[in-house]
Amino acid sequence: MAFMVKHMVGGQLKNLTGSLGGGEDKGDGDKSAAEAQGMSREEYEEYQKQLVEEKMERDAQFTQRKAERATLRSHFRDKYHLPKNETDESQIQLAGGDVELPRELAKMIEEDTEEEEEKASVLGQLASLPGLDLGSLKDKAQSTLGDIKQSAEKCHVM
């Protein structure tokens, strides 16, 4: 039983006493951040500057990717006649206004457009019908045309 009480209350007591007598364990309190990192002051300043530059580059790349996605979404909105989204427009403007799609995405859109144009044609519609063989249909049409030409040649009226 004493073990249970010590286990339950002991951790809380350590936390309480640790926060009350906190200044005694730290002998490094007057060191600067650069010395704590094991660098000179100039090295530390250069390191901090490099971190800021890397963060700015990451933010710029992230903004560019967001703008590319917004461009893609606006392309599909235009294609399918959907209402425009103001957040997409603002993301494109934040990236400089003229955002190009990555090659892979542009290639995918081009392929989709070609497929849709192909399906939109009459032959594309016929090809999508189940149980229809275009080759046999073409052969039948050519043989019928040949028969009509032969019968037209035999006709004496023409």
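Glycine too: its Cβ is placed from the backbone N, Cα and C atoms.
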Check your understanding: According to TrEMBL, which of these ranges is region 'Disordered': 54-75, 76-97?
Key -> 76-97
Check your understanding: In the same chain, who gets a Cβ under 8 Å from the region 'Disordered' (76-97) while lying at least 6 residues past its ends?
Key -> 63-64, 66-67, 69-70
